[in-house]
Amino acid sequence: MNAKASKTHVTCIEPAYYEAITEAIRKEAVQILKDETVVGVVGYLPGRRKGTASPALVTTAEEAGKLIFSPACVNNLSVYLTKAKKGVLKKGKVGIVAKGCDMRALAGLITESQLQREELFIIGVVCPGVYGFGAERTGTLTEANIARKCRECSVHLPDGADVAAGTHTELADLTPEEAEEMARIEAMPQAERWAFWKEHFSRCIRCMACRQVCPFCYCEQCLCDKNRPQAVESSPRPAGNMAWHLVRAMHLAGRCGGCAECERVCPMDIPLNLLNRRMAKELKELYDFEAGLNPVEKGPLNQYKEDDDQSFIK
Amino acid sequence: MSRIGVFVCHCGENISRTVDVEQVAKAAGEIPGVAYSCDYKYMCSDPGQTLLKKAVAEHKLDGVLVAACSPRMHEKTFRKAAEAAGLNPYLCEMANIREHCSWVHEDRGMATAKAKDIVKLMVERVRKGKSLAPITVPVTKRALVIGGGIAGIQAALDIADAGHKVVLVERDPSIGGHMAQLSETFPTLDCSQCIMTPKMVDVANHPNITLFTYSEIEKVEGYIGNFQVTVKHKARSVDEKKCTGCGVCMTKCPKKKIPNEFDQGHGMRPAIYVPFPQAVPNTPVIDRENCTMFQSGKCGVCAKVCGPGAVDYEQKDTFTVEDVGAIVVATGFKLYTIDRKPEGSPIQGYGEFGYGTIPDIIDGMTFERLASASGPTGGKILRPSDGKEPKQVVFIQCVGSRAREKGISYCSKVCCMYTAKHTMLYHHKVHDGQAYVFFMDARTPGKGYDEFWRRAVEEEEAVYIRGMVSRMYQRGDKIVVMGSDIQVGTQVEIEADLVVLATAVQPQDGADLLAQKLGISYDKYNFYSEAHAKLKPVECATAGIYLAGACQGPKDIPDTVSQASAAAAKVMTLFAKDQLERDPVVAKVNEKYCVGCFACKKVCAYGAIEEKEIRDRQGNLVKKVAYVNPGVCGGCGTCQATCPSKSIELDGYTDEQIMAMIEAL
Ligand SMILES: Cc1cc2nc3c(=O)[nH]c(=O)nc-3n(C[C@H](O)[C@H](O)[C@H](O)COP(=O)(O)OP(=O)(O)OC[C@H]3O[C@@H](n4cnc5c(N)ncnc54)[C@H](O)[C@@H]3O)c2cc1C
Ligand code: SF4
Ligand code: SF4
Ligand code: SF4
Ligand code: SF4
Ligand code: SF4
């Protein structure tokens, strides 16, 4: 669904750019509600506090006129279609505002039979980036307040959307902090790397916010909540925490599109997206596969090919 | 489960040599919930089984563990014994302390400790085990045979004679396959057609056989006992029901000079034809590529002369769906393409032999046609270029076969014998002629085979030269054959009038595509694979599909017929029961928690998983979940390992059982 955009040296994105996207979204959303193409649109409304945004399902043209897009629109809205607002799909086609990273989730959910392309009207956002967690919300996106994932985003253009909101802007070539951090961890001796993750995981309080926000954790009963038999200890103790994080990493491998929502919502600042990215790198190296670029029939972990890498069998 | 019995077997000395079985039994007795334990010399023996049955009754056991050999050996034995004692057979398990322990370890102390551990965790599996009932699937007592060579004919006749309906599908306009083309057959030299045609007629007349010629398999769905096969009936352009087989159309067709496939291109046939006079059915087909009516719209002679008005230029391909319970695949072979490298194939041609450019270099099947009384020369050996009788004939064995560098490393099995046969036939027909054979070695295992070969050498004066041919070329009206005689260690050069190549036997074109439709496996050459090279030589790994004849590997007629009858016997065994019993170790879906991601469906190699709709009382779709067809599930457990939310489980290997086993360690 997505394509890569080129980057040049521009350091900040002015509010005007977001306002233009907002206009385009409103126009489109009002239109499709009026002509009854869709029964509702999942998008963002202004939050109660200034400079914030909150996800919403709008069902009238009037409400649709209030939709916004700003650097505060961090949430991956695809999660609403498989969890919170899932019922709306029963009524008919639904519109959804999607950034490039959200589109990757949509493609993955289509692959996994959770959504069907025909039941969606995708208003794709030509997204220059959103705020990082705890960053200063000035209305202007700068190198200082942009999210880590956005520094290395490769899916600015919402290819495969029904309509695109926004025009392609030239983007800054920022230092890839996350990639650098990943390289740093990879370079550690094994024991040190183990200690690094052990320390992080030991702080997990098992609030399960990461799971709740993840578009792919749509299981009706998570393996980690099963108690007959219990595979993962549910109280926040080191062994169970480790097991939970390994389960999460493995279950999301080949599926996670890198929206980094899990990391954003984690109250304990556990760098979950580093793990996600590491798994994604593995998939890319082993199978030349990147999750969510297109809906596919079968992901590489769900199929066997004779030339699959077998070097791990010792 | 609280009253488990553990029976530790010595297996003669196989286990007790390295494992202290008494100690293992004693330790087992101390596991909570184990009500009885003992050791015994041979648990599988009659007294051993009696011991088990008695203990179940005496100690009111509700679960049984036999610590002995691999379950592959004796699981059935002990489950039967447990069942006889009144237990559900699936509450009886085996702990493998032979292959997994005594056979692979030397240290008695450590081996004993390991055996105790194996027993300990298997006790947990028994404890969490559930009673299971065997799965039954209905069986459609109707068989499909694909390919109407001698293999398919034999299998179809055997099954039909046993009283079951058979559908025989043949790709060509007539059944008969390669055997119909042969002149006389080794090792007895009886006339091939004389023994073949009565069988072909039997097929046509058998009340239980439906014959579809000029037809192919389009699609295969279903599973053992319940296949739905779509058959494509190619347009013959002749209505089979109206045609009386009088053959007037063939004599009147103005297009007469089309090389006849049956005679390997050395005889001619019209555009509307039957492949050979004894063809079954005797209904002609129009070869549309060569028919003037189809090519230019002008002619129509055959339609005009046909009394019953059977010729139909408008006929289209039609399709039928056949319900069958078993399938016999008998698609036979083709001969190696000798002149060139087929595109996209690892097989190298034999350009150096000049086949295809020198007309008097022919293959073995062409020689069969020249020697056949019904062939293009009326059974006289006359060479293709000028129709002269050849006085020096060179036969070359192993062309393509056993030549790794040419792409085939196997032996084609029949060439040694038919080459010997060819030298004899030649000698019988051309008394003053001389046959030479270049060979690597003569492979003649088989009843009467070596005697047959010796007769060719000793009585029929064939000269056998051990060595290979490197080059052949035309000089005047002779073919110069240059080779080596490795026994004498010299180069030889023979001026031949005719050269016959014993070319390799290969699977039919499209064998791989058919295999994919059927879901059966094949080797790198496209020969179909049997389930076990020794113990299941006619079964495919896919249940309900059987193999017969040269499609599985090169074979002569006696072997082909034996295998065909064996495949028929397997089909009859399957049809002997109304219901098919299957091991209930199959996957089940927890519909409450399944979210319908269908990861399981994607990984299931057996195609056992379908999508099922869950609806509420008003009929509204609530959700879609996975459904396992128990008739198809092979019990591999791949889905269980794949499902993220663990909503699908294999009976007998539930997560609960596996986790309990892990925890016991
Ligand atoms: C030159 C030569 C001489 C021989 N001489 C002897 C001999 O003297 N004695 C002896 O014992 N053996 C001899 N053989 C071996 C003998 O020919 C084989 O053992 C025998 O023909 C094998 O029979 P079959 O039914 O397996 O295959 P085939 O005879 O090849 O029959 C297969 C049939 O299946 C059909 N078919 C193929 N694909 C499909 C499809 N997809 N769908 C439907 N139908 C299909 C074909 O049209 C064909 O009718 C000789 C072989 C050769 C090459
Ligand atoms: S962690 Fe795994 S089992 Fe749990 S909700 Fe996510 S995908 Fe499902
Ligand atoms: S694992 Fe995290 S980054 Fe990946 S899709 Fe889920 S929420 Fe987004
Ligand atoms: S959000 Fe953070 S603290 Fe909560 S379960 Fe996930 S990793 Fe643990
Ligand atoms: S156990 Fe194997 S064969 Fe059975 S449904 Fe699961 S994957 Fe398919
Ligand atoms: S993998 Fe599990 S959740 Fe997904 S469809 Fe299969 S049984 Fe259901």
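Just so it is clear, glycine is given a Cβ too, placed from its N, Cα and C backbone atoms.
Those TrEMBL annotations? Automatic predictions, nothing curated.
Annotation comment: TrEMBL describes B:234-263 (among others) as domain '4Fe-4S ferredoxin-type'. Same-chain residues lying 6 or more positions outside the domain '4Fe-4S ferredoxin-type' (B:234-263) and placing a CB less than 8 Å from one of its CB atoms are 173, 180-181, 214-216, 269-276, 281-288, 290-292, 299, 301-302, 305-313, 315-318, 369, 375-376.
Note on the domain '4Fe-4S ferredoxin-type' (B:282-316): residues 173, 214, 235-240, 242-250, 252-255, 258, 271-274 of its chain, located 6 or more positions outside it, place their CB under 8 angstroms from a CB of the stretch. If you look up TrEMBL, you'll see B:282-316 (among others) marked as domain '4Fe-4S ferredoxin-type'.
Residues or ranges marked as domain '4Fe-4S ferredoxin-type' in TrEMBL: B:585-614 (among others). Tertiary neighbourhood of the domain '4Fe-4S ferredoxin-type' (B:585-614): same-chain residues 132, 135, 519, 621-630, 632-640, 642-645, 647-653, selected by CB-CB distance under 8 Å and a gap of 6+ residues from either end.
What TrEMBL records for B:624-653 (among others) is domain '4Fe-4S ferredoxin-type'. Proximity of distant same-chain residues to the domain '4Fe-4S ferredoxin-type' (B:624-653), defined by a Cβ-Cβ separation under 8 Å and at least 6 residues beyond the stretch ends, is recorded for 90, 129-130, 132, 135, 137, 223-226, 580, 582-591, 593-614.
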